[in-house]
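S.K.: Quick one: the structure is below, and I'll ask about it shortly.
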Amino acid sequence: MEESNNFLLSPDSIWSQLLENSYALNEINCFQSFGTIDNNNNNYSNNNKNGNEELSQPTEIQQQLQNYQELQQQKYQERQQQYQTQYQQPYIEPIFEIVVTQQDQQELIPQQQQQEQDQQEDQDQEQEQELQQQQQQLQQQQQQQQQQQQQQQQQQQQQQQQQQQQQKQQKQQKQQQQEQPSIIKEQDQEQKKIIQEQLCEKSIQTLENHFFNTNTPKLDHQILSNYSEFFKINQPITDIPTTLNTNLQSDNNNNNNNNNNNNNNNNNNNNNNNNNNNLLNEKQIESTSKIKRINLGYDITKITFNKIEKGKRNQTESSKNFRERKKEYIKDIELKLKELTIENDKLKKENDTLKKIGIEIMRSEPESINMIMECKKIIKKLEKALIDNDERSLIYLLYLYHSETSKRYSLTEIEVDKIINPYSQLKLKLAGYIQNPTTEILDIFGGNNNNNNNNNNNNNNNNNNNDNDDDNEEEEISWFKKYKKEANLTIEQSNKLDLLRDYHCLKFELLLKERRELDRDIKKLYNGIALSGFDLTPRSLANWDIDKQIETTNKLNLLKIKIISSLNLNLDTFSSISSILSPKQEALLLVRAHLFGSNKKNPHIEILNNVWTGLISKSSSPSFFEIAKLLKEMSDSANAKIMEDYLYKK
């Protein structure tokens, strides 16, 4: 509100303040009467003007003041509208009737400072009170949380106690349930024992009455008495279901018939025995209806209860042993089956690898093939650039060619690691592959060529060489001479190029000889092993002697080193040629050397690529014999030349 009152001062109030100031009124009166204003001894004179102008000046000032008042009124109205829109209240004009003196101003300023200080103190007190309230609230919240935690802990303890009590009750119930059947079983067993004892005693009495007749001899009396004593001490325990009544009746009837036929005097005794047997039968039916009975279908003199018990024990032991043996037998069979499955899987994998012997080893990687084809494309572009005399494109294409060759030779090192391996060499031997010692795709200088004088001496000394070799050498010399004439080489350039050519050829020949010797030694080792009757399989290599293994590994490593050194030699020659010749001359050399090499003995790469794609494109995996045939065809130089000529004619 204070800020709004300060800027919403009406023009009437401003004009009243000006009128109250006597100094301003005096200046205005002077200006109206004399046309001059005195302000701190600064005189303003208007003597050169006419009297008419003096009269017109106050009217202009009044008009300006009126215009100023109108503008201020418009601004005032706009401010009132803004105020009403902001605060939604009508504007009240401030009252300036009271004149403020300097003393009042000096008194008001410290009052304002005190008010500000009081306000700050009030604000500080309010902030402190708020902080205290917040602290109290935090303390109350912490106390409530602690109380809640204590209540939760008490509830958890109560729950645990209840669970423990429930578990104890359950255990007691289980124990009672387990004890009840055991008690019942014990009672039943005791009752059974009592009944069996009673039955045994009664049966013994009946047997004695039955067998101890007047006609029985003394020995039988003694045997039966001894048996009865043994029977009393060692009571039988059998699980065989028997019927004592029927057996006893049958025995008694047989004995009675015999006694009636032999002696008529024994009738009374037999009748007594029958009566006793009938009484026993009735009592036994009542007491032993639920008990298993003893089988006495044969002579009691032959019974031996010890043998019966031993037989049962033997049966239980034999059954246990049989079950254990059965489990062991099943485990052995399962282990054998697992071993057989593992062996079958291994054999399947080995068969698959044998079917793909040549593909994985001799198949060149797609990256290397793509790089070689790109080099050929670059050479074709160089031919066009030479025809068009475009030096910029020549420089760019030569740069691309050098970069691609460096990448290509780095990939060939990886392929060398694949081939120079005893297992891979063994597989190639099984497949019947004969590798060519020279696998160079592009030879810049065309083989064995020294200076012209050395070539003439060699031709004179070696008269036994074939005519084809002479023709090849003449062709090599002729294309190189033609290149010198076409490129317009200087004497220095031709001399440097000849020296570099001689050095390259000598190094290349030495490396070729060493590689051929190492190849022959490796083949001798494998051929000697094959002729000795030793199976050439990957497993058989593990059974070699350590000396042979070391020899083979050393020779293979040397062969690898020689191949890599030949690759480095080619790279060095490329870099040295670029330093001797200009870009146009270098491009022309690459084009001529490429044409000469493609017409000559170097293998054609499209043929290789087509062969490998034909092998891989088959739906079924190719057999071992198909791969061997293809590799032999590739190794035969005659067939390769025929295919090259055929493609070249196309």
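Keep in mind that glycine also has a Cβ here, set from the backbone N, Cα and C atoms.
Values in this document were obtained by computation on a predicted structure and should not be read as measured data.
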S.K.: Name the residue range among 109-130, 153-174 that Swiss-Prot annotates as region 'Disordered'.
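M.R.: Residues 109-130 are the ones Swiss-Prot records as region 'Disordered'.
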S.K.: Which of these ranges is annotated region 'Leucine-zipper' in Swiss-Prot: 98-105, 330-337, 370-377, 562-569?
M.R.: 330-337
S.K.: Across the region 'Leucine-zipper' (330-337), what are the DSSP residue counts per state (helix, strand, coil)?
M.R.: 8 helix, 0 strand, 0 coil
S.K.: Note the mean pLDDT of the region 'Basic motif' (307-327), expressed as a whole number.
M.R.: 83
